[in-house]
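**Student:** The annotation active site, proton donor is assigned in TrEMBL to A:GLU493. The substrate binding site annotation in TrEMBL covers A:TRP362, A:ASP363, A:LYS606, A:GLN607. If you look up TrEMBL, you'll see A:13-269 marked as domain 'Glycoside hydrolase family 65 N-terminal'. What TrEMBL records for A:327-694 is domain 'Glycoside hydrolase family 65 central catalytic'. According to TrEMBL, the feature domain 'Glycoside hydrolase family 65 C-terminal' maps to A:703-760.
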Protein chains: 2
Amino acid sequence: MKNYLNHDEWCIIEEGFHADWNEITESIMSLGNGRMGQRGNFEEGYSGKTLPGNYVAGVYFPDKTRVGWWKNGYPNYFAKVINAANWIGIQIELEDEKLDLANCHVHEFRRTLNMKEGWLSRSFVAMLPSGKQVGVTAKRFCSLTHDEGGVIRYCIKPLNFDGKLTIMPYIDGTISNRDSNYDQKFWQEIHRETGFAEGYLHLTTVPNEYGVPQFQVVTGQKFALYKDGASFPFQALPVKQEGFVSSRIQLDVIAGEEIALIKYACNLSDQNHAREDLLAHAKTYLATMAEKGYEQLLREQIEAWAQKWQQMDIVIEGDVAAQQAIRFNLFQLSQTYTGEDDRLNIGPKGFTGEKYGGVTYWDTEAYCIPFYLSTAEPKVARNLLIYRWKQLGKAIENAEKLGFTGGAALYPMVTMNGEECHNEWEITFEEIHRNGAIAYAIYDYIRYTGDTAYLGEYGFEVLLGIARFWSQRITWSDERQQFVMLGVTGPNEYENNVNNNWYTNYIARWCLQYTLEVADQLKNTEAERYATLSQQLQLNEEAEFGRFQAIIDQLYLPESKELGVFLQQDSYLDKEQILVTDLRPEDRPLNQKWSWDRILRSPFIKQADVLQGLYFFEDEFEEATIRQNYDYYEPRTVHESSLSPCVHAILASRLGMDDKAYEMYLRTSRLDLDDYNNDTEDGLHITSMAGTWMSVVKGFGGLRVKDGQLHLSPRCPQQWQSYSFIIRFRDNILDVHVRPDGTEIENIAGDELTVWVHGENRSIPAAIVEAPEEE
Amino acid sequence: MKNYLNHDEWCIIEEGFHADWNEITESIMSLGNGRMGQRGNFEEGYSGKTLPGNYVAGVYFPDKTRVGWWKNGYPNYFAKVINAANWIGIQIELEDEKLDLANCHVHEFRRTLNMKEGWLSRSFVAMLPSGKQVGVTAKRFCSLTHDEGGVIRYCIKPLNFDGKLTIMPYIDGTISNRDSNYDQKFWQEIHRETGFAEGYLHLTTVPNEYGVPQFQVVTGQKFALYKDGASFPFQALPVKQEGFVSSRIQLDVIAGEEIALIKYACNLSDQNHAREDLLAHAKTYLATMAEKGYEQLLREQIEAWAQKWQQMDIVIEGDVAAQQAIRFNLFQLSQTYTGEDDRLNIGPKGFTGEKYGGVTYWDTEAYCIPFYLSTAEPKVARNLLIYRWKQLGKAIENAEKLGFTGGAALYPMVTMNGEECHNEWEITFEEIHRNGAIAYAIYDYIRYTGDTAYLGEYGFEVLLGIARFWSQRITWSDERQQFVMLGVTGPNEYENNVNNNWYTNYIARWCLQYTLEVADQLKNTEAERYATLSQQLQLNEEAEFGRFQAIIDQLYLPESKELGVFLQQDSYLDKEQILVTDLRPEDRPLNQKWSWDRILRSPFIKQADVLQGLYFFEDEFEEATIRQNYDYYEPRTVHESSLSPCVHAILASRLGMDDKAYEMYLRTSRLDLDDYNNDTEDGLHITSMAGTWMSVVKGFGGLRVKDGQLHLSPRCPQQWQSYSFIIRFRDNILDVHVRPDGTEIENIAGDELTVWVHGENRSIPAAIVEAPEEE
């Protein structure tokens with residue numbers, strides 16, 4: 001736990017430079033716009049502790065995966081999120097000295113991430129080894145309105161000397177990943193050119209062995225200079241260097257004079273443009289940006305962010321730390337994924353670090369979709385569903401590699417393009433519950449939006465592939481005279497290769513049921529489409545649906561009648577029955593202190609497992625059952641996954657356990673800001689941020705959708721005076737304000753509607769202002 | 001399956017050059033002497049298919065182990081058996097043409113491994129691209145009497161031309177491993193020198209990150225030349241090249257004249273000599289060898305091998321293929337480990353390939369010790385036990401890394417120096433039954449030799465460490481009201497992370513019992529030593545032995561009363577009950593055709609598991625029980641481990657299932673000669689060769705030791721006329737000759753003794769000849 005950042009409702013502020021924690025601050029102060037993003041690195045470079053990171057959405061390298069001993073069926077490669085060309089670079093020299101904060105006395109340092117307006121600023125006074133002092137103020141943003149571009153205003157003022165100032169705005173393609181094997185470089189130059197006050201670097205990822213197309217990106221820069229606010233003539237000499245584009249500008253400056261550099265940059269990828277047009281496009285793109293100019297782009301940025309906040313903001317009164325935390329979570333999520341592009345997804349580190357391969361985990365379906373459903377237009381969640389629909393073919397191939405047939409689909413645990421790229425057998429091959437979450441997300445989307453047309457268009461194909469997988473993966477046990485599911489890893493990754501994981505069995509059965517229901521529904525409402533699909537998918541209704549039904553009827557679900565709980569897996573009760581409170585502080589976190597085998601045979605649970613099922617399917621259980629399972633499992637759960645506390649927070653709220661809910665909320669919301677797990681320097685925990693949102697809206701707010709209507713059961717944590725959240729529900733946008741003594745709901749957009757509050761229906765009058773037009 | 005090598009009782013003969021299978025032949029024709037060894041590579045070099053391999057015992061490199069995702073507790077490095085300097089090199093040039101069989105027309109090619117005398121020869125006529133023809137005959141051996149050295153006689157005769165012949169005997173230290181990451185080199189030069197007709201290369205392994213000392217080896221060569229059998233003056237020009245030592249000799253030769261090169265070589269390692277003396281030693285060493293000369297060294301070699309054969313030979317009449325096979329197994333085992341050095345062990349590939357890291361597996365205790373007990377002086381098996389005793393400290397450290405305390409010892413799955421160097425959690429952390437085999441080997445050794453003094457000297461310390469491990473690893477189940485062992489991998493590696501593997505539970509319980517018995521015995525017979533040990537090992541008898549006894553009394557052992565079998569693990573019966581006969585041919589071998597998860601949840605068994613326990617502890621079970629388990633498990637076993645068939649062969653013989661026993665014998669004995677598993681090119685399956693011996697002597701021969709007496713129950717496979725084997729038992733060496741109509745036992749050395757044959761005691765008269773003196 002660290003606590004060096006100022007608490008503020010809208011900003012993250014570092015006052016005074018914390019060099020030792022710079023990599024943490026860089027993670028926290030990351031900027032993005034859905035298409036590109038970078039960490040809070042210094043424009044002028046820095047020879048101290050820093051993890052340089054610039055990322056272009058969808059661009060990766062299929063790196064070798066190495067394991068001690070290869071298992072048959074392992075994926076060939078690990079999809080590495082690669083560091084792309086550094087576009088923020090502005091080298092500064094004062095006479096012969098390079099400005100590098102690692103070698104300066106730094107004072108008046110302040111770094112601010114303004115979440116309301118979507119920019120990062122930095123100001124400081126630096127004394128160089130020679131004694132020269134300069135003042136610098138820099139501000140930059142990744143533009144939401146020009147989402148392949150970013151802008152920097154970098155102002156430098158000599159404070160105690162006259163002399164030569166050299167400014168070299170640059171693009172550096174010679175970067176590498178920190179986690180590369182043998183410092184492998186992933187980029188090579190195709191072309192570079194430098195014009196007056198502009199330059200372009202055309203890079204391609206290096207060839208790979210796995211048939212993955214190479215990516216091409218053109219990174220460009222265009223800049224203007226101002227002296228005390230006015231433009232002036234200057235010379236810019238091109239710098240010739242492989243993989244590097246820069247112009248060198250030498251100025252004679254006098255003390256007190258401010259030189260401002262405005263740098264426009266862009267990253268155009270061949271995922272969005274024809275390769276042959278990349279360069280020309282980049283030139284046009286930057287010309288457009290430069291024409292608008294810095295101030296106009298900044299105004300657009302502030303406006304775009306205001307619109308975003310209008311749709312998702314959560315206001316907490318009486319707790320600045322909590323207020324800052326929830327906004328930080330919302331801000332970072334929104335920077336990572338905008339829902340504009342159905343080929344993209346939400347990487348667990350977003351644009352904030354290079355750890356973890358791939359960008360798509362089951363986090364998206366289980367944690368992020370509810371957030372986007374309530375805070376963005378339906379197309380955002382829909383695009384996330386379509387992303388999986390597009391990868392259905394790969395999911396079928398993936399299942400075939402493991403011996404499944406006839407269109408059975410196993411979605412990957414980790415992927416970029418639909419291919420599995422994780423290589424631990426206990427995860428890749430066995431953590432198959434992910435397939436369930438992907439089906440559940442379809443259900444969740446339709447329940448929330450009412451968009452049943454999605455089923456005939458896309459949903460049923462995915463559901464059938466998933467159901468087919470379960471029907472083959474589940475086998476008959478002569479011994480039990482029931483169907484069983486052997487050799488799985490549940491959401492609790494602290495148990496591997498177990499039999500009959502309750503959660504996996506339950507969601508598998510649910511998938512089969514839901515698939516049959518959807519088939520029935522389509523038959524009744526879209527008979528023709530259903531007939532086409534049946535034929536296309538070579539569906540043998542009698543045999544396949546018969547098997548589905550047999551499994552639904554006879555699937556084994558482990559439970560202990562004596563304890564009144566569902567059993568996480570067959571052998572859970574064979575474990576030593578000790579609790580988290582029995583652990584010594586020096587044993588925590590288990591995943592850093594205990595060997596893997598010890599963790600595996602301990603009763604300790606990494607994250608919600610049985611409880612994840614009770615969260616998903618709460619309507620199918622009595623409250624007493626949920627309570628009994630919560631009371632049994634929570635004391636055995638170490639919450640060592642960032643995805644754990646939010647589910648517990650929601651259930652605790654549901655059960656009226658307010659203190660527990662608040663405790664869990666705290667664990668999730670300031671995880672990165674306070675570097676709770678000592679790993680924020682690697683990047684932020686992006687997907688679990690959606691869980692933070694859930695713990696407020698579904699937890700404290702008690703949001704549910706039943707029979708097409710909105711239900712709330714708001715509870716106000718005693719630590720807060722009040723809180724409010726914005727949610728979009730079908731044609732309405734609502735502002736829900738919760739106080740200890742009651743809940744107000746205001747219609748911001750849309751007609752009158754009925755909302756159920758604590759089980760009582762309430763009519764919310766139509767919005768007074770007009771709803772913003774849909775895009 | 002391949003069948004290109006001639007069947008012969010004493011030799012392995014390749015007639016005609018099989019270039020495509022050269023790597024297989026190189027493996028099969030490997031030579032070694034316990035201290036060094038090399039594959040059957042060509043002296044003159046070869047640009048075709050070849051896996052160059054030269055190995056020095058005990059020398060390795062701690063290479064990075066890479067896994068997709070690191071687990072806490074994983075070992076840091078993978079101990080790689082590294083290719084050492086190539087000492088057999090003799091480059092041949094005819095005028096400007098290099099002799100390279102890949103570019104020649106080759107005829108009259110014959111390569112012979114003479115197992116009786118311990119040498120490898122090769123002869124051929126080669127026509128070079130220019131049309132020049134040469135005849136070559138080469139013979140070499142790794143000397144048993146000078147076991148840091150080897151000798152080559154390489155004769156070359158121009159057949160159809162007069163001209164220049166260039167001979168360059170060399171030592172090449174610029175070799176690499178085929179399985180290196182990024183072609184990493186593991187050796188670097190410290191010093192090299194070339195004298196007249198001699199040269200020395202002093203190498204060190206490159207530095208490593210893991211604190212493992214670097215190894216140093218001096219490889220030397222000394223040579224002499226003969227023309228038509230007589231020495232003659234020649235000039236030898238030193239070749240100057242980094243990491244390479246050679247002399248260049250140019251001769252004018254005429255057709256029909258034979259030039260013979262005798263090359264003496266040595267590999268002296270700093271494991272056996274002070275570093276500063278290595279070079280001087282090498283010079284003396286080679287001088288001594290050269291002084292003796294080729295013929296004398298060869299005579300010594302033949303004599304040494306004759307002595308070896310006298311102690312271990314198995315003669316099979318009426319089946320040349322079976323005869324050749326068993327001798328091949330015995331020969332290769334004997335080359336790998338001689339028992340001279342208690343720091344060495346028996347690598348699964350011996351000196352025949354670089355696959356697998358480390359040299360010590362549980363194979364040594366479970367498979368090799370019985371072989372050495374019966375075919376070598378007791379000190380050989382004793383040294384193998386002491387090897388583990390010496391590594392007890394590391395085994396305790398290893399257990400500590402996994403959270404065990406108080407002197408609990410977990411021996412590594414794979415090691416060079418006692419440190420674990422395997423990095424699959426399901427093996428490293430969970431395949432802990434290895435600990436049982438190490439205890440069992442102590443029991444086996446004492447039962448066979450009667451050397452009870454070993455217990456007080458070394459054995460008890462190891463047993464107590466192992467027992468302490470089990471007593472902590474086994475936990476109490478409230479649910480069962482019994483002790484259980486969770487999360488293990490049994491000998492059947494086709495199931496991972498299972499609970500209550502019957503074999504592991506059984507051998508763990510046995511270890512606890514045996515440790516208590518030994519403690520009792522020591523208390524009675526060596527009270528003082530026991531008191532010292534108790535103190536030294538901080539033994540708390542009451543608490544520790546109390547816990548041992550509680551576990552012995554209440555350990556759960558899974559079984560099915562209905563089926564009348566022990567259950568391989570708790571959930572075995574939940575699996576689909578299909579048999580190996582239900583598999584399609586295209587599914588085999590499973591480990592190449594099925595994904596890992598499919599194998600794991602299938603009922604198919606890689607190698608003896610429950611049956612391994614019944615083999616170890618057969619006296620504790622009724623024959624009917626053994627039969628019932630055999631009948632149940634064998635049809636579920638795919639024998640995809642080279643260690644599987646031999647155990648089945650022994651049990652089948654025990655149960656009178658002669659055809660099954662013979663089938664299993666065939667699977668094990670010609671595994672490499674016929675390239676049964678299509679992997680002989682990587683090297684030979686050395687440790688399973690001891691299993692082949694067991695399948696004859698313990699299987700067909702029915703050898704057992706009970707109450708200090710030898711028991712035999714010989715059965716003669718109907719495919720054989722007769723067979724005989726030599727065994728050493730305490731002070732006697734016996735020749736057992738088994739015919740369909742009876743068994744003759746002859747005392748080769750030692751006094752009269754009683755042997756039980758098929759349950760009837762028989763008195764064997766004292767040997768007529770005097771027993772060879774013990775060293």
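Glycine too: its Cβ is placed from the backbone N, Cα and C atoms.
Predicted automatically and left uncurated, TrEMBL annotations should be read as such.
Locate each feature and note its surroundings.
**Tutor:** Sequence-distant neighbours of A:GLU493 (active site, proton donor) (same chain, six or more apart, CB under 8 Å from its CB) are A:ILE427, A:GLU431, A:LYS606, A:GLN607, A:SER641, listed in sequence order. A:GLU493 (active site, proton donor) falls within neither a helix nor a strand when secondary structure is assigned with DSSP, and so counts as coil.
Within 10 Å of the C-beta atom of A:ASP363 (substrate binding site) sit 24 other C-beta atoms, taking all shown protein chains into account.
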**Student:** What span in Å does the substrate site cover, taken as the longest CA to CA distance among A:TRP362, A:ASP363, A:LYS606, A:GLN607?
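**Tutor:** Across A:TRP362, A:ASP363, A:LYS606, A:GLN607, the two farthest Cα atoms sit 16 Å apart.
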**Student:** With DSSP helix as H/G/I and strand as E/B, how many residues of the domain 'Glycoside hydrolase family 65 C-terminal' (A:703-760) fall in helix, strand and coil?
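**Tutor:** Residue counts in helix, strand and coil order: 0 helix, 37 strand, 21 coil.
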**Student:** Determine the Cβ neighbour count for A:GLN607 (substrate binding site): the number of other Cβ atoms within 10 Å of its Cβ.
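**Tutor:** I count 23 other Cβ atoms within 10 Å of it.
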**Student:** Across the whole of the domain 'Glycoside hydrolase family 65 N-terminal' (A:13-269), what does the mean pLDDT come to? Round it, please.
**Tutor:** 94
**Student:** Under DSSP, is A:GLN607 (substrate binding site) part of a helix or a strand, or is it coil?
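**Tutor:** The residue in question, A:GLN607 (substrate binding site), is coil (DSSP, three-state).
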**Student:** Give me the sequence-ordered set of same-chain residues, not including A:TRP362, A:ASP363, A:LYS606, A:GLN607, with a C-beta within 8 angstroms of the centroid of the substrate site's C-beta atoms.
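**Tutor:** Nearby residues not in the site list: A:TYR361, A:ALA366, A:PRO491, A:GLU493, A:SER641, A:LEU643, A:SER644.
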**Student:** Specify the secondary structure state of A:TRP362 (substrate binding site) as given by DSSP, simplified to three classes.
**Tutor:** coil
